[in-house]
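A.B. asks: I have a structure I would like to understand better, so I am pasting it below and will then ask my questions one at a time.
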Amino acid sequence: MTTLRLAIVGAGPAGIYAADIAKKAERGFDVSIDLFERLPAPYGLVRYGVAPDHPRIKGIIGALREVLDGGAVRLFGNVDFGTDITLEDLQQHYHAVIFATGAIRDAALDIPGIDLPGSYGAADVVSWYDGHPDVPRDWPLDAKEVAVIGNGNVALDVARILVKHVEDLMPTEIPANVEAGLRSSPVTDVHVFGRRGPANVKFTPLELRELGEVRDVDMIVKDEDFDYDDQSRTAIAANKQVMVMDRILQSWRTREVGAASRRLHLHWWARPVEILGDGRVEAIRWERTEPDGLGGARGTGEFREQAVQAVYRAVGYFGSPVPGVPFDEVRGVIPNHEGQVLADDGALLPGVYATGWIKRGPIGLIGHTKSDAMETVEHVLTDAGLWWNPAHPEERSVEELLTSRGVRYTTVEGWHLLDQHELALGEHVGRTRIKVVPRDEMLAASLGDPVA
Ligand SMILES: Cc1cc2nc3c(=O)[nH]c(=O)nc-3n(C[C@H](O)[C@H](O)[C@H](O)COP(=O)(O)OP(=O)(O)OC[C@H]3O[C@@H](n4cnc5c(N)ncnc54)[C@H](O)[C@@H]3O)c2cc1C
């Protein structure tokens, strides 16, 4: 064999970095890589998760695009693995496949009232404000008081986007339906709940500091939450990030408040136990917790309530099963050893690999997907004895297969057309970019068809 034909499913950062690493690795054979992506546009959560008011992070798309532009990698967008193409198909056309399908749904939070109307998962509202084509266009922003459960950066993103004045989001790429939704929002107070203390948050300093700089929003923290135990003091002294965040939070304790029209309340030692409401969300009930001395929290038996009309749970993402591929239902990942996928009996599944969030679970930043991809690709390249033996390894045979099935796939050139279309929409009204949301409009722009 002179050319390794490699399929990668999922064109988020993990899939694109894997392609880049495979392409540049030292090896004694050529590689030809095809990336399959279910959405018409690539980039995964960089496009559909990273908050629109984080342009520096969104800018990573530029680096990812260079990989797609650089040759040896073809993009087949608008191709859903499991529907448009299957594992059996890939075995006919490739020597190996890497699954990089990420995670898009919310982890569950099992408390009474979680299914009441007005209670949402963070992943759903993120997909809405980031213009994901497969979620409803309208989002019910009718709450004055909102609860966000969680103490990670996604909780901060959701809280910040909900509390910000829409005028301050206009320099971003938010689509028209999101602008209209946020403009009509009556929100005045957003309450963020963490079951542990200020020294145990999973935020990062940059994102926390940014929260305190949002215009016309008071940051409300309570002195009772800062009664640190030894574990908290040690956590602050031992970790520079925690120390910086503690400094930021301490500075908010002494800030003047009262002048802003909106408020962001941070509640710690607060474990939500129930969402209350008669037919829809009316309040959140939580148990006051205290440090257990080991970095965790234990209940105190004291319960409190806060009136809210909407609740967002930002308690983590969860992977989805990939058709025909083993899946760990507990961890929400494809079971693997360093990216080599394992069958139900624990044996290596020849030719099948995983990388990114579907490999190690939905934690970590975009940069982490690069080191992940390195480990996986190293195995792919050295596992020659485990590769499949495809009947149709020629590049054009996959195009023929998709065309014969009536799949209207997009390409890298298609992304350039969509990109130009979005930039032009923005330029038209004095903005940098306006994201296109409807799938048919994304497709039309990508395929060079007239856009309605
Ligand atoms: C709300 C939010 C905000 C974040 N903000 C930041 C941030 O500011 N900075 C930062 O560094 N990190 C941030 N992250 C983390 C970052 O997004 C992840 O680390 C990274 O996107 C994971 O990459 P991935 O490629 O594994 O998964 P994803 O980015 O999810 O990409 C997976 C891709 O696979 C595709 N796919 C799934 N199933 C199929 C299928 N059956 N067929 C074909 N294609 C399929 C999906 O459409 C998607 O494009 C954020 C995450 C979230 C959820």
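Glycine too: its Cβ is placed from the backbone N, Cα and C atoms.
TrEMBL entries are annotated by machine, without manual review.
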A.B. asks: Figure out which of GLU145, GLU207 sits with ASN151, GLY152, ASN153, VAL154, ARG195, ARG196, GLY364 in the NADP(+) site per TrEMBL.
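C.D. replies: For the NADP(+) site that includes ASN151, GLY152, ASN153, VAL154, ARG195, ARG196, GLY364, TrEMBL also lists GLU207.
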A.B. asks: Rounded to the nearest angstrom, how far is the Cα of GLY364 (FAD binding site) from the Cα of GLY152 (NADP(+) binding site)?
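C.D. replies: The separation of the Cα atoms works out to 11 Å.
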A.B. asks: Report the binding-site residues (ALA14, LEU45, GLY152, VAL154, TRP357, LEU365) that meet this criterion: Cβ distance to the nearest atom of ligand 1 under 6 Å. Use sequence order and write none if nothing qualifies.
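C.D. replies: Those binding-site residues that pass the cut-off, since their Cβ is under 6 Å from ligand 1, are ALA14, LEU45, VAL154, TRP357, LEU365.
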A.B. asks: Could you check which of the binding-site residues (ASN153, ARG196, GLU207) sits closest to LEU45 (FAD binding site), going Cα to Cα?
C.D. replies: ASN153
A.B. asks: On a count of neighbouring CB atoms within 10 A, which of the binding-site residues LEU45, ILE366 is highest?
C.D. replies: LEU45
A.B. asks: What is the average pLDDT across the domain 'FAD/NAD(P)-binding' (5-166)?
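C.D. replies: Taking every residue of the domain 'FAD/NAD(P)-binding' (5-166) together, the mean pLDDT is 97.
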A.B. asks: Of these binding-site residues, ASN151, ASN153, which scores lowest on Cβ atoms within 10 Å?
C.D. replies: ASN153
A.B. asks: In sequence order, which residues at least six apart in the same chain have a CB under 8 Å from the CB of TRP357 (FAD binding site)?
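C.D. replies: For TRP357 (FAD binding site), the qualifying residues are GLY12, ALA14, GLY102, ALA103, TYR317, GLY319, ILE363, GLY364, THR369.
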A.B. asks: Name the residues of the same chain, 6+ apart in sequence, whose Cβ is under 8 Å from the Cβ of ARG195 (NADP(+) binding site)?
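C.D. replies: Looking at Cβ-Cβ distances below 8 Å from ARG195 (NADP(+) binding site), excluding near sequence neighbours, one finds ASN151, TRP269, ALA270, ARG271, PRO272, THR289, ALA297.
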